Amino acid sequence: MDSILVKGNGELRGQIPIAGAKNACLALMPATLLSDEPLTLTNAPRLSDIRTMTQLLQSLGAEVASLQGGQVLALSSHALTDHRADYDIVRKMRASILVLGPMLARDGHAVVSLPGGCAIGARPVDLHLKALEAMGAELDLRDGYIHAKAPAGGLKGARVVFPLVSVGATENALMAATLAKGTTVLENAAREPEIVDLARCLRRMGAQIEGEGSSTITIEGVDRLGGATHPVVTDRIELGTYMLAPAICGGEVELLGGRIELVGAFCEKLDAAGISVEETERGLRVARKNGRVKAVDVMTEPFPGFPTDLQAQMMALLCTAEGTSVLEERIFENRFMHAPELIRMGARIEVHGGTATVTGVEKLRGAPVMATDLRASVSLILAGLAAEGETIVSRVYHLDRGYERVEEKLSACGAQIRRIPG
């Protein structure tokens, strides 16, 4: 099993290209199931989760070709051979549930295993299922599988009110509604850029959608969808992660492809901590203003609030801030599993339920640490960049699910980091 060796060595300077968004691409790929015409995705990230979704779609009979080194995906679902998404593939990734809505909408039936993925508390699929039931689907959960069937004549437009904001449930309902009979209104819908990106792609395919980016999305069902070519939106979580690298280490880094509107709430916290963020012709330039970072309080919220997927990385920054910071996690439970590993490096962190209190220290110390999930793994790498001595991060298979060539991108800016094959 691979590990990452990091040596803290001061400032970073250079440029880092930001890839297409993993979470956007994982929703865009199942959209091919809505049409029998080709869908081409450009600016696709080259990640293990994308390969897992490729395997899942191919198991259903879809064709998926990876072109230009994986940056272009050519998909076609003109002849599905199966409507059963098996546990062996689905268990690897929670986004697998996103094949349910498209298959149900196009062909009227689907069998999908309950999903797996990151070990971050309870992430139930109830909201997905209730949305589809509102459109008339009959659902039966047995033997670890969701057995879904559309009513005669197909899914029907409906008013769907999400009791909680859910990106995945919004995506599943949005895709299903494009082929439903009549009008569907999604209320308390997720507003994330990945939702906007999916809606734009579906519109290119012929869907009639209004309101994406707001909490109310209206979809007028159509008889069929066609093909399209669509660029995947920039990955705002990768962007935010690499913005934190010069914030932690000092120096100045330009993030190519970065856009301020993708990370607005995050940038506000960086500014309060003493980090400069400037727009450039090619992206964003980030630098630490003067001296030690200042403590700030952070509360995770659905977009446009502070993203939960940047909470672990932000904690790494605040470990060496001047003063005491409070981080409140309001999206997922059990999402401070990185805290004990940061404590091994000398951080002062107290966790009580969904709140972590971080008292900044002047310096972290390198140590062997273990990644527990995707975002925790990169937070430990960031901490290692600012620590004295060597840090070895084990179980970095988590990292490869969401970050493309992390050691190459950081080393290009002067970081001493390398992968140790396991």
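Cβ atoms here come from the backbone N, Cα and C positions, even for glycine.
The structure displayed is predicted, hence computed values, not measured ones.
Taken from Swiss-Prot, the feature phosphoenolpyruvate binding site applies to LYS22, ASN23. Annotated UDP-N-acetyl-alpha-D-glucosamine binding site per Swiss-Prot: ARG94, ARG123, PRO124, VAL125, ASP126, LEU127, ASP309, ILE331, in sequence order. If you look up Swiss-Prot, you'll see CYS118 marked as active site, proton donor, on the strength of sequence analysis. The 2-(S-cysteinyl)pyruvic acid O-phosphothioketal annotation in Swiss-Prot covers CYS118.
Locations of recorded Swiss-Prot features on the structure.
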residue : record                                        : DSSP class
LYS22   : phosphoenolpyruvate binding site              : helix
ARG94   : UDP-N-acetyl-alpha-D-glucosamine binding site : helix
VAL125  : UDP-N-acetyl-alpha-D-glucosamine binding site : coil
ASP309  : UDP-N-acetyl-alpha-D-glucosamine binding site : helix
ILE331  : UDP-N-acetyl-alpha-D-glucosamine binding site : coil
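Neighbour count (other Cβ atoms within 10 Å of the Cβ, all protein chains): 19 for VAL125 (UDP-N-acetyl-alpha-D-glucosamine binding site).
Within 10 Å of the C-beta of ASP309 (UDP-N-acetyl-alpha-D-glucosamine binding site) there are 20 other C-beta atoms, taking all protein chains into account.
In this structure, the C-alpha atom of ARG94 (UDP-N-acetyl-alpha-D-glucosamine binding site) lies 13 angstrom from that of LYS22 (phosphoenolpyruvate binding site). The binding-site residues recorded for this entry are VAL125, ASP126, ASP309, ILE331, and the Cα of ASP309 lies nearest to that of LYS22 (phosphoenolpyruvate binding site).
Between the binding-site residues LEU127, ILE331, ILE331 has the most other Cβ atoms inside 10 Å of its own Cβ, all protein chains included. Set side by side, the binding-site residues ARG94, ASP126 differ in how many other CB atoms lie within 10 angstroms of their CB, and the most is found at ARG94. For ASN23 (phosphoenolpyruvate binding site), the same-chain residues 6+ apart in sequence whose C-beta sits under 8 angstroms from its C-beta are ALA95, VAL167, GLU192, GLU194, ASP235, ILE237.
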